[in-house]
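**Student:** One structure, as structure tokens, below. Some questions next.
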Amino acid sequence: MNTLGRFLRLTTFGESHGDVIGGVLDGMPSGIKIDYALLENEMKRRQGGRNVFTTPRKEDDKVEITSGVFEDFSTGTPIGFLIHNQRARSKDYDNIKNLFRPSHADFTYFHKYGIRDFRGGGRSSARESAIRVAAGAFAKMLLKEIGIVCESGIIKIGGIEAKNYDFNHALKSEIFALDEEQEEAQKTAIQNAIKNHDSIGGVALIRARSIKTNQKLPIGLGQGLYAKLDAKIAEAMMGLNGVKAVEIGKGVESSLLKGSEYNDLMNQKGFLSNHSGGVLGGMSNGEEIIVKAHFKPTPSIFQPQQTIDINNNECECLLKGRHDPCIAIRGSVVCESLLSLVLADMVLLNLTSKIEYLKTIYNEN
């Protein structure tokens, strides 16, 4: 499937080296002021070619809105948008057109469909994630109207982990590092991987919070069984290229703790800790929503690797092209967009949870 969401639905299309990639965002309420500066800034954050720590492929990533916006406001109809591919170099992939690149989707796409677009991975390329960032910008505009903001940064590159989380610093950092003190060591780890024609994995931290410091997030976003907020977050992020694990709150560490250590105690002012990551019973509890997305090392490395071709013959694969040495860096921005899309979808879903909400809408007329 190529669609994410239920009430706010994003459908994407296009391939890495096709003429365009694009999306249709259906379910966006009317009357939302389109923040073009926000849209442009989000695309630039994800953009490659800005420094040595990301892919040299630098696309313009100008978002062409084709429908759903009139006089700078959303109309309530589907928002269609296109992003042109202008910097593709398909010749870089001629030598692997009949080979399966190790740990890429080539093998599975070929066996599932019997045909594959070998140019940059086609539909399986992370180039598609630019669409999710554009759609996430629209979702952010919706969330801003009700006082919710999402932000992200890098907490780990290889084994080098942040000890302090500063989201303001992440916005200024070349690698979106959350910890200024650990940033140089993390950069060195990436540079060493590049020097050795290798790549490295990383972990992104994404959070949602109230825009106002003295307010909480809405309680009750998500549903208790088949639309759990944490499940939908994990589903969205696991659908992103290279993500191999997603944690909410304490995540994996929870399995090492006792109940007396893990439980979030409460008083009249609220929760005394946030080990649950802002989600209880599949619904938001008002605290910050805390998510970690674990990215594998970029599978495109410039070392000879053993593989097979489409005829099952063993051979050697030596890649060319332009690739991210650490996909977690730009991936953190995409995860932030995905969290925004999921929360916007859940906000719209929540309108159906109480008859009072519907009465408020329809009794106004």
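Cβ coordinates come from backbone N, Cα and C, glycine included.
Grabbed the feature section from Swiss-Prot, which reads as follows:
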BINDING   Arg46  NADP(+) binding site
BINDING   Arg123, Ser124, Ser125, Asn241, Gly242, Gly281, Lys296, Pro297, Thr298, Pro299, Ser300, Arg322  FMN binding site
**Student:** Which residue, of the binding-site residues Ser125, Thr298, has its CB surrounded by the fewest other CB atoms within 10 A?
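**Tutor:** It is Ser125 that, of the binding-site residues Ser125, Thr298, has the fewest other Cβ atoms within 10 Å.
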**Student:** Does anything in the same chain, at least 6 positions from Arg123 (FMN binding site), have a Cβ under 8 Å from its Cβ, and if so what?
**Tutor:** Gly14, Glu15, Ser16, Tyr109, Asp117
**Student:** To the nearest whole angstrom, what is the C-alpha distance linking Ser125 (FMN binding site) and Arg46 (NADP(+) binding site)?
**Tutor:** 14
**Student:** Hey, how far is Ser300 (FMN binding site) from the residue listed as 'NADP(+) binding site', Cα to Cα, in Å?
**Tutor:** 19
**Student:** Three states by DSSP: which one describes Arg46 (NADP(+) binding site)?
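**Tutor:** In the DSSP reduction, Arg46 (NADP(+) binding site) maps to helix.
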**Student:** Work through the binding-site residues one by one (Arg46, Gly242, Lys296, Ser300) and point out the residue whose CB has the fewest other CB atoms within 10 angstroms.
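**Tutor:** Minimum Cβ neighbour count within 10 Å, taken over the binding-site residues Arg46, Gly242, Lys296, Ser300, occurs at Lys296.
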**Student:** Between all pairs in Arg123, Ser124, Ser125, Asn241, Gly242, Gly281, Lys296, Pro297, Thr298, Pro299, Ser300, Arg322 (listed as FMN binders), what's the biggest Cα distance, rounded to the nearest Å?
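**Tutor:** Among the residues the record ties to FMN, max Cα distance equals 43 Å.
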**Student:** What is the interatomic distance between the Cα atoms of Lys296 (FMN binding site) and Arg46 (NADP(+) binding site), given in whole Å?
**Tutor:** 18
**Student:** How big is the gap, in Å, between the Cα of Arg46 (NADP(+) binding site) and that of Gly242 (FMN binding site), rounded to a whole number?
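**Tutor:** Arg46 (NADP(+) binding site) and Gly242 (FMN binding site) have their Cα atoms 15 Å apart.
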